[in-house]
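Visitor: Take this structure first; my questions come after.
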């Protein structure tokens, strides 16, 4: 029977524990002897106390008890149960965690914080932006029975103060030494470095630690320019260790924010508090988005015939236009007020003394950001498209804009576009700053700047000479006004934030609002609409003249009544989404808005909002960075597996990684066993973070990769967090897109245990065989860097045998080029070749021609991508897999480890959309190719070709979290074209048969010479032009060619001894051990003397173990385990017998060699 043990997994003592105990949610048998069963956490605690074995479980128990106590106080003072989102916050508060409460107004942030400050019963500082809010908070706290001080500074009290008062009485508030600090609006403390320093001192952060954090930020910025600077990296690690040893003793809570910390001191504070004050999330929206052609405010007033509106004037019109509109509205019998500063206007609006508020359409303006009146505010009217206006002269200091405008004017910018694309973000910022300030640069940046200035001059020349009045791009508009040019960019953030003022929360329901845009430029409306569609699902502007405004008004009014079915009900759930890579975590978080970020045990966690039907998922996303456990190398059993009485107990340890040498190991040690460094990280940190987060949320979705390795990662995660949360689901996606993630969540399931067992067997087999062979090789050759495995063995044998044949048949190769077709001839000695060349006579006859209808190739699988990338681009398999991983994690292609050619209906529709956009509708021929299975073929996730991708990178520089290289673009282009071609009609190919006479020797060849129509438009095949005009090239070489990456991968697939996930790894392992090297020019694979000796030794003593047939049979058994067709115990028993027998042979072989 196979059982998994985790050497560090017990939730109480931190020692070994089996998966059965973890699944039941109870500590190990040492801590809690007896029958394994599900028990309430209170029962577990009592039993541990009774057995005198209580350790780490106490913290979990007290956190739960604290949560329950806060909920009891909440019910007592508020009169009802906390909402789901409030419970999520309370769970985090109960752990004394510092964090930012991210939610729109109306979801109970302030109520939760007031109740918590009441519970806290210790010196508290509650910071608010205004005196009116201070008075409201004080009154509510007094009504709850709290000890409140609203003017004087008092210990053991809740001190409520404005930040301005704190600045005036700075020393008093620092000496107060509060244990809890609550900030209503973090913008106050992030305005400047000085205000940030004030808050740091109130939070008890010493000057020394604050300076360490500032130094850390500076060094990390420098590292972006010197990524390979090892000394700099070590300094960063040292500072991180120093900062990590500091523990905050003040709990810090932030209720809302709109600014991101940008200054170095603000970022230093963020580093120390462990979270980023998050922006207001705009996930709650129940709005009719309307537009009216023109800026006739009176026409809109006639249509609405109602009060309760906010009129926002586009910034370029200024205050004068606001006053003009105020007068017009008042003449129609409505009272108005200017929402420009202060808060008095809001009170009058709430009381019904003002019908319409008028303000500026500015994101940071009080009318957009500070207005919250859910009952009265029904309409938001935009006078003009909300926009950002830039003088073109200033705008052309942005390199990306120079390129985009140059392209619109048909100026050649291709070369500079490519150069900009491959700049790092810091390099790009330096270039932009230099253009702005006209500062000197050097090196490649100097050349790029000169080119950009030349393009700027051409732009001005074309604009003036052609008298151009308007230029429309995808994301902006350039217009001429009185001889001056301006760039207009629709302000999507302001539109979302401002229109959202009309749809707020009342009694756990969302009111209905109406947003109306008075259109002053139809082109800008179109750009705004397209940008909003990318942010808000199913967004659409509707013409106000084409909707029933009376019905919409009625809905807006009824949704504001206390009890109504017209309100959109709010269903909120909190989830933890666990992925493998940090890039993937960031990409998914960004798909659903602008996420907030915090750190849990030093691990980044992104909080975002995912809307699934009518459910709002408050989603925390964290990355495991791959496997979190591996078979232990501690002295346990047979290489980490206890074997006996038909039982196999596999012990898994955390994975340790050395910061200095980069190597990983699974034996507990305070220093690196390879280089001795003390700077070591452990996956235990990740596990601790996962466990902490799992206690906070309703459900957990494990979204590791959809393959055997990903399933084992999912299993390990599920086991290690089971004691803390039972609502664990496995979700799988094959593309990182919005739809891909949503479909995965809607189809959440359970972990595939057969797949997990197959991975465990594969890992045990790899360990047993690998360690036995490596031990023998190291003993035989007295060198540490030796190793082998069952799959590596056959592959090494192929390369060794081919290398031997290559050397045996070495001589001279003559290439005779006939047009673009080449013929090879082999000669043993150079003189023979030269004689042949001297009398060279060539005659070519065209014998016949035939036409053939040829179907396109299917889209790529892993092996075909690796082969084509090498054959067409000369890129090795390891690099291709890394690039494919980047493209997948960036949401650009589907999962890249696949042996399926199947294309889904969505994939087919992407190809159709692309071909239609290129007016190639007639060439479309949708194909699903292979049968539907677990995976799909490798394909793009959208109809964006390479040129469009480049534009997307330029337009959205913060969208992707990888650094694109020319190789990324080439691989993407290869995948894109191959896929599109697979969905096109066949091409017509002309094959020509030639009779070639070379010095009288006859040779017949048939070659493709023409191709037309169908898929060849996108993915042309190689054709040949054969000519009697020839050229020759003589070089040293062999008649037997060396293996290429592509040929090895093809062999592995055909002989069934590899999997998509192991093709590249197998070759790289052989290179790492020094058994194989790559030739520099063509990346051909050559066996070294070391590799030949290792192969000869292994084949002499254990040829069966590394034979193709045995390897194939074992992999087939592992596949059968994955399909549930074979009992895992039988496979392990057979494997153990085989290995122990071979182990004996190896020992005897080594003895014989020693005796000799």
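Numbering starts at 1 and runs along the chain as it is shown here.
Every residue, even glycine, has its Cβ placed from backbone N, Cα and C.
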Visitor: Between 176-179, 180-183, 184-187, which stretch does Swiss-Prot give the note motif 'DEAD box'?
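Guide: Of the candidate stretches, Swiss-Prot labels 184-187 as motif 'DEAD box'.
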Visitor: Other than 658, 661, 672, 675, which residues of the same chain sit close to Zn(2+) 2? List them in sequence order, counting a residue when its Cβ is within 8 Å of the Cβ centroid of the site.
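Guide: Nearby residues not in the site list: 659, 660, 662, 663, 673, 674, 676, 677, 680.
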Visitor: Taking only the recorded positions 13, 661, 675, 895, which one has a CA atom nearest to the CA atom of residue 705 (Mg(2+) binding site)?
Guide: 895
Visitor: Within the zinc finger (655-682), count helix residues (DSSP H, G, I), strand residues (E, B) and coil residues, in that order.
Guide: 0 helix, 8 strand, 20 coil
Visitor: Within the zinc finger (1-38), how many residues are helix, strand or coil going by DSSP?
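Guide: Breakdown, helix to coil: 6 helix, 7 strand, 25 coil.
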Visitor: Using DSSP and collapsing to three states, where does residue 705 (Mg(2+) binding site) fall: helix, strand or coil?
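Guide: Coil, per DSSP.
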Visitor: Mind telling me which of the binding-site residues 86, 110 has the densest Cβ neighbourhood, counting other Cβ atoms within 10 Å?
Guide: 86
Visitor: Give me the long-range Cβ neighbours of residue 661 (Zn(2+) 2 binding site): same chain, 6+ apart, Cβ under 8 Å, in sequence order.
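Guide: In sequence order, the residues whose Cβ lies under 8 Å from that of residue 661 (Zn(2+) 2 binding site) (at least 6 apart) are 672, 674, 675, 677.
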Visitor: Using C-alpha atoms only, work out the spacing between residue 895 (active site, O-(5'-phospho-DNA)-tyrosine intermediate) and residue 580 (Mg(2+) binding site) and round it to an integer in Å.
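Guide: About 13 Å separates the two Cα atoms.
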Visitor: Would you kindly give the Cα-Cα distance separating residue 658 (Zn(2+) 2 binding site) and residue 10 (Zn(2+) 1 binding site), rounded to the nearest Å?
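Guide: Answer for this pair: 25 Å between alpha carbons.
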Visitor: Measuring Cα to Cα, tell me the gap between residue 31 (Zn(2+) 1 binding site) and residue 110 (ATP binding site) in whole angstrom.
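Guide: Residue 31 (Zn(2+) 1 binding site) and residue 110 (ATP binding site) have their Cα atoms 42 Å apart.
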Visitor: I need the nearest neighbour of residue 658 (Zn(2+) 2 binding site) among the binding-site residues 86, 108, 110, 580, using C-alpha distances.
Guide: 580
Visitor: Just checking, which of 13, 658, 672, 675 (binding-site residues) has the fewest C-beta atoms within 10 Å of its C-beta?
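Guide: Checked 13, 658, 672, 675; of these binding-site residues, fewest Cβ neighbours within 10 Å: 675.
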